[in-house]
Structures are given as structure tokens and as C-alpha cells.
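Taken straight from TrEMBL:
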type     : residues : note
TRANSMEM : 48-66    : transmembrane segment
TRANSMEM : 78-96    : transmembrane segment
TRANSMEM : 140-158  : transmembrane segment
TRANSMEM : 178-197  : transmembrane segment
TRANSMEM : 217-233  : transmembrane segment
TRANSMEM : 264-280  : transmembrane segment
TRANSMEM : 292-309  : transmembrane segment
TRANSMEM : 345-364  : transmembrane segment
Amino acid sequence: MRVLSQRALEGLRKYVYKPGGYTWLDHAHTPFWNCLTAQLPMWLAPNLITLSGLLVTFAAYFTLWYELPEFAGIAPKWTYIFAGTSILIYTNLDCIDGKQARRTNSSSPLGQLFDHGCDAIALHVMLTFVQAAINMPSSVLTSVAGIAVYLPWMVSHWEEYHTGVLMYGDGHFGILEANYVLAAVTFVSGIFGPAIWDYRLTNLVAAWPYKDMELKHALILFAAAVALIQFYGQMRRVFMNSWTTLPAAERGHKELGNAARLRHLAYALVLMTLGAIYLADDKLKWGQARLATLLYGIVYAIVATQLIMDHMCKEPFRPPLFPMAVLATAALNSVVELVDARMVAAGAVAIMIVYYGVYVSTIVRQVCAFLGIKCFSITPKRA
């Protein structure tokens with residue numbers, strides 16, 4: 001099986017990483033990250049750093065799944081603390097893998113692809129932490145909150161495809177701040193208990209006009225507002241930029257211009273719409289909520305990885321239709337329920353786990369063979 005063509009691999013070899021949009025918090029962390037990187041052994045592969053952080057979040061993920069299979073309820077406080085700590089560990093390890101790559105002279109396009117591929121699935125994991133921390137079962141509100149975070153992350157890579165620059169924020173609020181907010185929510189639940197998010201705003205501000213509004217509702221509105229601000233900035237930067245300003249080497253075989261921009265954005269919005277419908281289902285059988293969010297998280301990660309990979313390979317963006325079809329089938333069935341929805345969710349998750357595993361392992365194997373490197377160990381570069 002081949003995922004990448006020879007042309008795509010040649011384009012990947014020429015990839016140049018161009019970040020932007022760093023915030024004051026990013027700059028404040030730089031001395032800490034530099035110090036942390038300096039303590040690492042020279043044999044430690046950068047991808048192993050990223051994977052280690054991801055595995056910690058997986059441990060917290062399955063712990064909370066065991067304690068709160070429906071998201072709602074009260075788990076032991078240490079589980080929320082564990083979840084928040086895993087976010088901090090992953091976030092900071094994710095920020096030093098590139099530094100370790102430069103330090104060991106092992107930088108490669110695979111590192112960037114592996115890094116952002118892990119980020120895509122880690123995003124799903126972190127969002128489930130927050131849903132459990134604020135004690136909210138699946139509903140329209142949790143769907144809105146989830147999509148509010150999923151959307152700008154996906155669109156940032158759409159922006160990178162069309163501008164050549166990956167923006168980590170708008171200079172004021174970015175990925176690091178967002179991850180710290182997610183961690184803070186879980187820590188608050190770990191210290192005070194999830195019931196604190198049920199606190200009504202009228203108890204804080206007597207004149208507050210919406211008497212039934214709780215802290216968790218304010219949190220969701222905050223997430224939606226930040227998402228809209230980020231989305232506006234992304235649209236403005238992309239559509240005010242001419243694709244012809246991209247160097248020829250960066251353009252490669254990409255589909256560029258306004259028609260392509262809109263078409264690619266439409267793919268992302270279709271994915272978000274399917275997710276919004278599927279995750280809003282509140283008529284769930286036991287165990288279905290976790291399966292539904294996992295299915296969407298995997299499909300989201302696959303589509304995001306494909307977009308990232310096509311940018312790096314300078315190829316036309318071809319969204320993986322099979323995973324989106326599986327998600328669409330599950331979402332439609334959740335509305336009409338022609339077949340047992342829990343059974344469909346379980347079957348779809350099983351299929352997508354296998355698909356995702358084959359997809360990722362094939363890409364890694366192809367890139368490693370082409371570049372003459374290994375994924376989890378440092379090998380001398382070809383002359």
C-alpha cells in the first residue's frame with residue numbers, strides 16, 4: 001500500500017517550516033524550553049519526545065473514560081489533576097521536540113508531520129478532559145464547545161497550505177494559551193470538584209440578565225468567542241494574501257487561488273457540520289457518548305493529517321472521503337436511527353482505528369524509507 005506518490009515524496013523533501021503568530025507566553029517559555037532541552041540525552045529522538053507526551057495523555061484519557069463513561073458524573077479529584085497535568089506535559093514536550101531535532105542535527109520533514117499528526121489526535125483527547133471536568137453529557141452545548149476549538153485548529157493548517165506560514169496565534173492568544181486554559185479547567189475541577197461549574201452567574205453578579213446561566217455556559221461562550229476572533233483573523237490573512245506571492249518552490253503542485261481556498265474550506269466546514277450534528281445527539285445509550293466523540297476525533301485527525309501532508313508535499317488537497325463517509329453515515333443514523341446507534345458507533349470506531357493505524361504507519365514507513373531515516377531513533381543523514 002502507498003499513500004504518498006514519488007512526486008509527493010520529492011515535494012516533502014523540499015519542505016521548509018515557516019511558523020508565525022507567536023505570543024508573549026510563547027516567548028516567556030523559551031528560556032524554560034531551552035533549559036529543558038539541554039538536559040535531554042543526545043541519543044533521544046525528537047519523535048520519541050512527542051510520542052511520550054501523547055502516551056501520558058492517553059493514560060489520563062482512558063482513566064477518565066473508566067471513571068466517567070458518559071462524561072457526566074463525579075470522578076475522584078486526582079483523575080482531573082492527572083488530566084490537567086498530562087496536558088501540561090504534552091504541551092511542553094511538544095514544544096521542545098523541534099529544539100531537540102536542531103540540537104542533534106536530526107531535523108526532517110517527518111518530524112513536523114509526526115508532530116502535527118500527534119497534535120490532531122491530542123486535541124480530541126484534551127477536549128474530552130474538559131467535557132468530563134465540567135460534568136456535561138453530550139448535548140448541543142458540548143457540540144458547540146467542541147467545534148469552537150476544532151475549527152480554528154483545522155483552519156490554521158488550511159491557512160498554512162495557502163500562505164506557507166503556520167500561525168500559532170494572533171500575537172495575543174494562541175495554541176499555548178488555549179492548551180493552558182484547557183488544563184486550568186481540569187485543575188479547577190480537581191481542586192474544587194466539577195460542581196463549581198454549575199455555579200450561577202447571578203450569584204457573582206446580581207444584575208446578570210440570564211438567571212439560569214452557569215459558569216460552564218460562560219466557558220463555552222468564551223471558547224466560541226475566541227474561535228470566532230481567530231477564524232476572522234485566519235480568513236482575513238488568507239483572502240487578503242495573493243497566492244502568487246508564494247515562491248514557486250513553495251507552490252509546487254498545490255491547488256491555489258480563491259476557488260481552491262473556498263473548496264478546501266468547504267471540506268473543513270462539512271467535517272465540522274457532521275461533527276456538530278453527531279456530537280449534539282443527546283439520546284444516547286450507555287457507552288455511546290465516548291464512542292461518538294472518539295469516532296469524530298479519529299476522522300478529524302485523519303482529515304487534518306491529510307491537509308498537513310498535502311501542504312508539506314506541495315500536492316493538491318485530497319480529503320480522505322472514506323473516513324468522512326463513515327462519519328456521515330454514523331451522524332445520519334444518529335438522527336433517524338435505522339440501526340442501533342451504539343452498534344454503529346462501535347463498528348465505525350473499530351473500522352477507523354484500523355484505517356488510521358494503517359494510514360499513519362504507511363506514511364511513516366514511506367517517508368523513512370525515502371529519507372533514509374528512522375522514526376524513533378537518530379540516524380546519520382545521507383550526504
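Every residue gets a Cβ built from N, Cα and C, even glycine.
Because TrEMBL annotations are produced automatically, they should be read as predictions rather than curated entries.
The stretch with the most CB contacts under 8 Å to the transmembrane segment (217-233), chosen from 78-96, 140-158, 178-197, 264-280, is 140-158.
Counting Cβ pairs under 8 Å that are 6 or more residues apart, the transmembrane segment (264-280) and the transmembrane segment (78-96) reach fewer than 3 and are not in contact. If you look at the transmembrane segment (292-309), the same-chain residues 6 or more away from its ends with a CB under 8 A from one of its CBs are 4, 8, 12, 113, 116-117, 120-121, 123-125, 127-128, 131, 138, 146, 150, 153-154, 157-158, 160-161, 264, 267-268, 271, 274-275, 278-279, 281, 284, 315, 317-320, 323-324, 326-327, 330, 334, 345, 348-349, 352-353, 355-356, 359-360, 363. Long-range contacts of the transmembrane segment (78-96) within its own chain (CB-CB distance under 8 A, at least 6 residues past either end) are made by residues 29, 32-33, 36-37, 40, 49-50, 52-54, 56-57, 59-61, 63-64, 67, 115, 118-119, 122, 126, 129, 132-133, 176, 179-180, 182-187, 189-191, 194. Same-chain neighbours of the transmembrane segment (178-197): 25, 74-75, 77-81, 83-85, 87-88, 91, 126-127, 129-130, 133-135, 149, 214-216, 219, 226, counting only residues six or more beyond its ends whose CB sits under 8 Å from a CB of the stretch.
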